[in-house]
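According to TrEMBL:
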TRANSMEM  15-34  transmembrane segment
TRANSMEM  55-75  transmembrane segment
TRANSMEM  87-105  transmembrane segment
TRANSMEM  117-135  transmembrane segment
TRANSMEM  189-210  transmembrane segment
TRANSMEM  216-236  transmembrane segment
TRANSMEM  264-281  transmembrane segment
TRANSMEM  301-324  transmembrane segment
TRANSMEM  336-354  transmembrane segment
TRANSMEM  360-377  transmembrane segment
Amino acid sequence: MATPILTRLYDESDFATYTSFLALATIFAVGAGGKYHMAIVLPKTYTEAVRIFTLSLYLTGAYALVLTIVFLLFYRFTPQSLGNLIYFVPIYVLFFGIWSAFTNLSVREKAFKNNAYAKVIQSLGYIVSAIVMGFTSISYYGLVLAKILGTMSSCLFLFNKGKIKLRPVRITKLGAVATKYIDYPKYGIWPAFLNTASAQALILILTKYYTTADLGYYGLTYIVLSAPLGLIGTSFKDVFYQKIAELMSSNNFENALSFFKKSALILVLMGLPICILLYFWGEDIFALIFGEKWSRSGEFASILAFSFLIKLVVSPLSSIFNAANKLKIASIWQTLYFVTTFIVLGCCAIIFKVGVLNLFYIYVIHELVLYGIYFLLQYRTLKYFLVKAEI
């Protein structure tokens, strides 16, 4: 809700810098915790869950330290458009990894309200920090620092609510859970990296081959579309993952399939009104709310509306592969998604040199096809378990 204020404090070049930073930081954040945080909800005993939680925190800290050293040694090879902002990437990755571990611990304890409140606090921390720095003319770093501070505040809230006593855990015990759940880093990191890089591909292509203005305008579009994706999609995913994991572990496959269908329908009903509004009146809505100069962002949003809808529906349901321990299927799709995304966007920008609007249209078609395939794979995975149980 504070974005209209931010668009009057920051210009398109500030949003372009923030968008580039967030794309890079999000890609590197994939490795935080070795993806072990995804396994926190699975153990039957709380003790084992805490060991996985601790392992995730240790790995996150080590990973952030390694990133810092790498950026110091190879600074000249990093994107020059970010400058010294590149050193904030490990900081963001550190707190994102901590936040991920705490949110999954909350999911395990069915403390969904804590995660919901944490997201609100994260947003408020970001908004307040961004506004303060905008008024004090710290525009270049403002949005980036605000993002980090928002994530930090969310971590502190979850730490306080979790009331978990962090104690040193023997390396042998950490090694035991690391080995037991080795599939998460083994089959989780690389596919997630491919998926995240693919999700940020449009930003990377715009950064390299299109104007700073177009990147900045798309940055606002991305922020606005990401808000419901984060609020609805991520919150829904927490509840869905806990419930579907419970049904799968109890071999209740018929109810799991039914729950999957109902969840998909609910997500469609939640996202469709937003999609329709953006498609028909996106340009006018953006101009009215964010200022006339941001109408270009609304034009982008109207084109991207249907890709937003299918991501809102399919992405939260993807945790079915974690619950079913079928990470290899997700890995195959994510590899396909990565390859086709960069081939399609790369050919459009480098070979055919299409305009930015046509680039968006082609991107939407690609998203509809690939996410449609992803949804079918999710459905067939559940159907496989149901048919197998009936034999």
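Residue positions begin at 1 at the first shown residue.
Including glycine, each Cβ sits where the backbone N, Cα and C put it.
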Candidates 15-34, 55-75, 216-236, 360-377; stretch with most C-beta pairs under 8 Å toward the transmembrane segment (87-105): 55-75
Top partner of the transmembrane segment (189-210) among 216-236, 264-281, 301-324, 336-354, 360-377 - counted as Cβ pairs under 8 Å: 336-354
Interface check, the transmembrane segment (301-324) with the transmembrane segment (216-236), three or more C-beta pairs under 8 A: yes
Residues of the parent chain within Cβ reach of the transmembrane segment (55-75), under 8 Å, 6 or more residues beyond its termini: 28, 31-34, 36-37, 40, 86-87, 89-91, 93-94, 97-98, 100-101, 166, 169, 174, 177-178
Criterion met for the transmembrane segment (264-281) and the transmembrane segment (336-354) (at least three Cβ pairs under 8 Å): no
